[in-house]
Amino acid sequence: MTAQTQCQDSQVLLTMTNVCKSFPGVKALDNANLTVRSHSVHALMGENGAGKSTLLKCLFGIYAKDEGEILFLGEPVNFKTSKEALENGISMVHQELNLVRQTSVMDNLWLGRYPLKGPFVDHAKMYRDTKAIFDELDIDVDPKEKVAKLSVSQMQMIEIAKAFSYNAKIVIMDEPTSSLSEKEVEHLFKIIDKLKQRGCGIIYISHKMDEIFKICDEITILRDGKWINTVNVKESTMEQIVGMMVGRELTQRFPEKTNVPKEVILQVENLTAKNQPSIQDVSFELRKGEILGIAGLVGAKRTDIVEAIFGVRELIEGTIKLHGKTVKNHTALEAINNGFALVTEERRSTGIYSNLSIEFNSLISNMKSYLTPWKLLSTKKMKSDTQWVIDSMNVKTPSHRTTIGSLSGGNQQKVIIGRWLLTQPEILMLDEPTRGIDIGAKFEIYQLIQELAKKDKGIIMISSEMPELLGVTDRILVMSNGKLAGIVESAKTSQEEILQLAAKYL
């Protein structure tokens with residue numbers, strides 16, 4: 001049975017009609033609609049701020065809707081809490097995993113509803129029931145293991161197993177593959193297929209178009225809180241979906257590469273990190289105006305390269321030369337003073353102070369430059385530089401005093417890049433710069449990277465998205481298990497060649 005036929009034959013599980021929700025000064029949802037069927041995966045798409053999360057929070061009992069109707073299994077519902085939604089068969093696998101890390105896997109699975117034997121918890125039954133679910137979903141984790149010892153992908157599987165244990169009819173997945181390797185993604189897709197076969201309806205949120213077209217049956221697009229369209233995946237193109245998301249035709253996914261790299265600016269020779277497993281004997285060159293991508297599977301130690309260059313990972317061997325002169329970056333401060341900048345992978349945990357202002361987050365890497373001879377801060381220069389970040393990075397914000405945590409992922413990333421540009425770096429290193437960013441904002445980040453290359457910055461860009469590396473970079477350095485597997489020209493290589501190199505030392 002094809003996905004299309006299956007979707008047509010399946011039962012309607014959920015209907016959300018004309019749902020409205022307002023916050024002070026903002027109409028987050030304006031007559032939004034969503035219909036989810038059994039035996040199907042339904043993508044909910046839209047740029048950051050389109051209303052996707054708000055709509056699902058109204059369903060899940062986190063927010064109360066202002067207007068509209070929600071029908072679940074044909075009956076009107078208005079859940080007051082997420083616990084009520086769970087008990088009625090609606091489960092959410094959050095992007096920020098919601099597990100108690102210091103307890104066991106099976107404790108997390110049955111938290112608040114332990115099986116009892118008289119007045120005591122029946123641990124034997126809890127173990128058996130957990131193992132039965134894991135066997136059905138092909139999850140290879142010991143139910144007695146502490147959650148803190150699991151990988152991110154294993155934690156994600158536990159969240160899905162928890163939904164399974166509630167006998168959920170609707171399972172909501174928010175960016176479930178953002179931290180997974182290709183192998184782990186394939187395992188997740190197999191579990192999603194099992195949920196479909198069981199009769200579940202899966203609501204799938206992702207910015208990764210390739211995934212949407214691989215596993216989803218239908219797509220609902222929201223823009224500015226409004227329902228735009230619901231389409232069948234088999235009858236749609238990527239360009240049509242993107243056009244509906246952004247409200248305009250996006251004629252190209254990546255900006256045209258017009259810059260020609262110049263002379264060598266950075267030489268990295270025989271880098272080997274102190275604490276193994278890590279990078280071993282890595283050498284490469286970077287030219288002025290060049291965008292060098294770094295590819296590899298999860299665990300390939302891509303991030304270790306930029307951390308070693310930036311002075312936050314100790315080396316036992318290796319030389320770094322800038323303009324032919326050896327530089328020693330023992331700390332991040334030394335690296336900044338030597339002309340290096342690093343936009344880290346985990347934006348929320350290591351890139352921003354989410355409860356503080358855009359101004360603070362724009363200036364924090366360069367505070368020394370705002371000191372007057374009397375050791376006071378020059379508020380005039382601080383305000384001027386913050387405004388430069390907002391204007392030059394095209395940050396959408398009502399004020400420089402707005403907390404950065406209230407901005408979309410794309411705007412947060414622009415502030416971070418702007419912050420580093422204030423330090424006037426010659427080498428800009430970007431680790432997963434578009435992770436968790438919608439497709440319209442991604443294009444703006446790509447344009448920004450191209451503009452910086454035109455200004456003769458040397459740029460190193462790590463990404464797990466192969467089309468992104470091929471579309472944005474000039475050359476791609478491929479890592480495999482901490483070793484350099486090869487360097488290829490982006491215009492002359494393929495995903496297949498890169499994957500072969502990535503597996504070279506496994």
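Yeah, the Cβs are placed from backbone N, Cα and C, and that goes for glycine too.
Feature list (source: Swiss-Prot):
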- GLY46, GLU47, ASN48, GLY49, ALA50, GLY51, LYS52, SER53: ATP binding site (BINDING)
- 14-249: domain 'ABC transporter 1' (DOMAIN)
- 260-506: domain 'ABC transporter 2' (DOMAIN)
Whose Cβ lies within 8 Å of the mean position of the Cβ atoms of GLY46, GLU47, ASN48, GLY49, ALA50, GLY51, LYS52, SER53, the ATP site, other than those residues?
THR54, LEU222, ASP438
Confidence summary (mean pLDDT) of the domain 'ABC transporter 1' (14-249):
90
So how many other Cβ atoms are close to ALA50 (ATP binding site), meaning within 10 Å of its Cβ?
25
DSSP-derived class (H/G/I helix, E/B strand, else coil) of LYS52 (ATP binding site):
helix
Select one residue from GLY46, GLY49: among these binding-site residues, choose the one with the most other Cβ atoms within 10 Å of its Cβ.
GLY46
Going along the chain, which residues six or more apart from SER53 (ATP binding site) have their CB under 8 A from its CB?
ASP174, ILE205
Tell me the coarse DSSP state (helix, strand, coil) of GLY46 (ATP binding site).
coil
